[in-house]
Amino acid sequence: MGSSSSSYAPKTIYLDVDGKVQKVVFSRHCSPCDIKELLCSSSNIPRNTAIMMVDPEGALVSIDPTMPTNSPSLYKVVPLSTGQLGKEDMFQNVLSQVAEQFSAFRINELKTEVTNRLAMLEKRVEEGLKVVEIEKCKNDLKKLRDEMTSVNCPCKYNFSDDGKKVTPRRDVPNYPKYTLSQETVEALKKPTFDVWHWEHNEMLSCLEYMYHDLGLVKEFNMNPITLKRWLLAIQENYRNNPFHNFRHCFCVSQMMYGMIHLCNLQEKLTLTDMGILMTAAVCHDLDHPGYNNYQINARTELAVRYNDISPLENHHCAVAFQILSLPECNIFANVDPEAFKQIRQAIITLILATDMARHGEILDSFKQKVDNFDFTNEEHVTCLKMVLIKCCDISNEVRPTEVAEPWVDCLLEEYFMQQSDREKSEGLPVAPFMDRDKVTKPTAQIGFIKFVLIPMFETVMKLFPQIEEIMVQPLRDSRDHYEELKQIDDAMTE
C-alpha cells in the first residue's frame, strides 16, 4: 500500500503560562491525547483536565500533531471547567426568562419567541464572540434544550408514524471553529489523509472548510450559520455503527474533495456539479441501520416502503431531504426553485448509485463512454458523477495501510454483528462474504479489490491518468499485501 508522506520531524510550539513563555516539543506521530497530556503538564494543569487551546485572538486551535507552529505569538491552554465566561448576564437573563415561561401547555405559543431569541444568540456567535463566550453560549443552549426535553419536545430528527414529518434539534451551532494549519489544509486534498486522527468537531470544521474552499458557499449564497447547522444535523443523523457512521461520511466526503482537486474537476465541471458531488457524499449513508441486503430478505418496513428497490439508499435520500426541508438547515434556501429541483434530482441519482447491486450496470455504462468522453454531454457527466461517488464510497483501500486496515475490521464487525448473525438466527440466507464462520480479512478483501475496486479505478484512470500513482497503485499494493497474508494463513492451516 502507499505510504503517508507526512514528516516525522519534531514540532515545537510556544505557550503563555502565567505570563512566561513555555516551549513544548512533541513528535508528529503523537496522538491528540498524548499532546493534551503534555500541554496540561507544561501549563501546570492537573492531568486529565478537559482543556482547549486558543491563539492570541481567542480562536480555538486544534490540538493535534498538525497544529500550526506559532512563534513569536503564543498559544494559551485554558481548562474548560474554570475559564472566566463573558457576557454571562445577557445570556442568563434571556434563557431564564424563556425557561420561566416554559410549560407543557405553552410550547406552541412560545415557539416564535424562542426562535427569535435563539436567532439573536446565533447572530452574536457569527459576529465573532470570544471562544469562552461561545462555550458559555453552548452551555446555555444545552440548558434550554433540557428544558424543552422536560416537556416532551423531541430534539432529534425522528420519523413520525406516517414517515413524513421530522422535528429538528434547533440550536446555535455548537462546535467551535478550529484553526486549520496549512499542513492540514494541504493534507485534506490527498487520499493519504489520516481520517482516524480527528474528533467529530474537527471533522465538522473540515467539512465546513471544504464548502468554503470550493466556492460552494458563495455559489449557492449559503448562510454560514445555516451551513453549520446543516452539518450538525447531518452528524446527528448518522448512527453509531462500527462502519456506517459519521466518520465514514467524512471519509467519503474527504475523498471526494481530494478527487476534485486531483482530477482538476473544477476546470471541467460546473460549481453546481461540485455542490452536487459534495452534498451527495455527505448525505449518502444518512441513518444507515448497520445492515443492507437483510432489508429485502427480511421484508423490513423500508423494503416494503421502497418495493425492494434500493431500500437503504432511498431511505438515505429521504432523510437528507427531510433535513433540507427545514428552513434552519436548508443550505440551498437561496437557490432558484427550478434550479433546486434539478439539484435535488441529481443528488438523489448519486446516492442511489451507491447501491452495490447496481455496480455492474453503472460501470458498464461508464466504460462505453470513457474512450470518447464528452464533458459537454450531460449524460456523460451524470455517469461520471455516479462513478465518482461510487469510487469515494468504497475507497478505503486507496489509503495507507495504517488508515485502511482498521476500516476492514469495522466493516466485518458490522456485517457479523448486525447482519449475518441475525440472518442465521432467523433462518435467512447468508451471503458467503458475510458469514463469520467462513470469512477472514484476506479472503474478504482480495476478491473485492481484484474484481471491484481495481477494474473501476483503472477505468476512471483512462479519463484521469494522474490518479494511477496516488490511487490505483495503492490498490495493487493492497491486493498484494492481502494475498501474502492469505498465503501465510493457508500455510498455517496446512
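All residue numbers here begin at 1 and follow the chain in the order shown.
Yeah, the Cβs are placed from backbone N, Cα and C, and that goes for glycine too.
Nobody curates TrEMBL annotations by hand; they come from automatic prediction.
Computed from a predicted structure; not experimentally measured.
What TrEMBL records for HIS244 is active site, proton donor. For HIS244 (active site, proton donor), the same-chain residues lying six or more positions away in sequence with a CB closer than 8 A to its CB are TYR238, ASP285, HIS288, GLY290, GLU414.
The number of other CB atoms found within 10 A of the CB of ASN245 (AMP binding site), across every protein chain shown, is 20. The feature AMP binding site is assigned by TrEMBL to HIS244, ASN245, PHE246, ARG247, HIS248, ASP285, ASP393, GLN445.
For HIS248, HIS284, ASP285, ASP393, the entry in TrEMBL reads Zn(2+) 1 binding site. Long-range Cβ contacts of ASP393 (AMP binding site) within its own chain (separation 6+, distance under 8 Å): VAL252, HIS284, THR354.
According to TrEMBL, the Zn(2+) 2 binding site annotation covers ASP285.
Summarising the annotation, TrEMBL assigns domain 'PDEase' to 168-489.
Around PHE246 (AMP binding site), the same-chain residues six or more apart in sequence whose CB sits under 8 Å from its CB are HIS200, MET203, ILE234, GLN235, TYR238, listed in sequence order.
Fewest other C-beta atoms within 10 Å: among the binding-site residues ARG247, HIS248, that description fits ARG247.
Residues near GLN445 (AMP binding site) in space but far in sequence (CB under 8 A, at least 6 apart, same chain), listed by position: GLU397, VAL408, SER478, TYR482. Note on the domain 'PDEase' (168-489): its mean pLDDT in the predicted model is 90.
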